[in-house]
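If you check Swiss-Prot, you get these features:
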COILED    68-94  coiled coil
COMPBIAS  20-30  compositional bias 'Gly residues'
REGION    1-69  region 'Disordered'
TOPO_DOM  1-131  topological domain 'Cytoplasmic'
TOPO_DOM  260-273  topological domain 'Cytoplasmic'
TRANSMEM  132-152  transmembrane segment
TRANSMEM  159-179  transmembrane segment
TRANSMEM  194-214  transmembrane segment
TRANSMEM  239-259  transmembrane segment
Amino acid sequence: MHHDPNPFDEGNADDNPFSNGGGGGGGGGSRQQYGFRPTEPAGFGAGRGDATVDVPLDTMGDSKSKARELSSWETDLKRREADIKRREEALRNAGVPMEDKNWPPFFPIIHHDIANEIPANLQKLQYLAFASWLGIVLCLSWNFIAVIVCWIKEGDSKLFFLATIYALLGIPLSYLIWYRPLYRAMRTNSAFSFGWFFLCYLIHIGFCIIAAIAPPIVFHGKSLTGILAAIDTFSEHVIIGIFYFVGFALFCLETLLSIGVLQRVYMYFRGNK
């Protein structure tokens with residue numbers, strides 16, 4: 001009867017791969033060298049059959065839906081951008097000026113480009129009128145500061161309320177009712193714009209004269225830094241009086257500058273009529 005050899009029989013050192021007999025580490029040529037590779041960790045592809053990862057179908061569906069939405073938004077944005085460019089091009093072809101906000105440079109809120117939109121012979125006069133508008137902005141801003149100092153010292157809330165109204169209404173209204181019409185008149189030579197400017201600018205000059213005087217019968221107490229309010233305040237509080245005298249000087253300078261602008265614009269309008 002044939003007996004199968006026992007693979008675990010230590011008697012046959014040549015067949016036992018774990019035997020160190022005889023030759024130690026460097027065995028003879030008759031011995032077969034067995035190489036070992038490190039065992040692979042059990043994981044994907046190990047064991048009975050290959051393991052699979054189940055991806056929820058609803059997740060895949062949501063991803064596809066989001067991709068479609070993003071694609072739709074992108075298409076819509078491109079369409080709107082093309083439509084805006086087409087309208088701008090149509091306006092340019094029709095001769096309508098495109099007014100992009102560019103002033104002040106750090107926070108553009110208005111369009112202002114004297115160098116490119118006003119004729120060269122009128123640019124100096126327009127810059128002078130622009131200085132007049134900046135002057136009333138400075139006057140009303142300083143008036144607000146001076147009245148705030150007086151309000152803190154005396155505690156009259158009406159002063160604070162009126163000074164706030166002067167600043168919040170006076171600055172934007174001065175731009176809208178007389179500076180912007182003059183800018184338009186210089187650019188288009190519109191007689192109507194010139195007429196509107198003259199009317200509103202006379203009101204502006206009248207306000208500056210009254211503010212420089214600050215009579216208590218017109219404005220409440222010390223809500224304007226005119227000469228009368230400055231003298232009254234200086235006799236009580238020197239520091240506050242200095243604030244008021246500075247405001248008085250600013251209103252005087254603004255009045256003189258505005259009168260000069262009015263004369264020059266009127267001379268140009270009469271000569272160009």
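The backbone N, Cα and C atoms fix where each Cβ goes, glycine too.
Note that this is a predicted model, so its numbers are computed, not measured.
Counting Cβ pairs closer than 8 Å to the transmembrane segment (194-214), the top stretch among 132-152, 159-179, 239-259 is 239-259.
Across the topological domain 'Cytoplasmic' (260-273), the DSSP tally of helix, strand and coil residues reads 12 helix, 0 strand, 2 coil. Sequence-distant neighbours of the topological domain 'Cytoplasmic' (260-273) (same chain, 6+ residues past either end, Cβ-Cβ under 8 Å): 122, 125, 128-129, 132, 182, 189, 194, 197-198, 201-202, 205.
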